[in-house]
């Protein structure tokens, strides 16, 4: 599986993942809306929105 792997302020990259899922999570803080993409489907704290998916590059 290929997932986007990126922090908000970084250029987008892709990564081959063994977890079988990709995620995209977003939240707001004093800097504005922050997003993060990667492999797997982590548990998140309240106030953080997460979307998990199971196809190549689905977390664009």
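Yeah, the Cβs are placed from backbone N, Cα and C, and that goes for glycine too.
Features of the protein shown, as given by Swiss-Prot:
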| type | residues | note |
| --- | --- | --- |
| DISULFID | 3-22 | disulfide bond |
| DISULFID | 17-39 | disulfide bond |
| DISULFID | 41-52 | disulfide bond |
| DISULFID | 53-58 | disulfide bond |
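A Cα-Cα distance of 10 Å separates residue 39 (disulfide bond) from residue 53 (disulfide bond). Among the disulfide-bonded residues 3, 17, 41, the ones whose Cα sits within 10 Å of the Cα of residue 58 (disulfide bond) are 3, in sequence order. In sequence order, the disulfide-bonded residues near residue 53 (disulfide bond) (Cα within 10 Å of its Cα) are 22, 41, drawn from 17, 22, 41. The Cβ of residue 17 (disulfide bond) lies under 8 Å from the Cβ of 1, 2, 3, 39, 40, each of which sits 6+ residues away along the same chain. DSSP assigns residue 52 (disulfide bond) to a strand in the three-state reduction.
Summary for the disulfide-bonded residues 3, 39, 52, 53, 58: the Cβ-based neighbour count within 10 Å is maximal at 3. Between the disulfide-bonded residues 22, 41, 22 has the most other Cβ atoms inside 10 Å of its own Cβ, all protein chains included.
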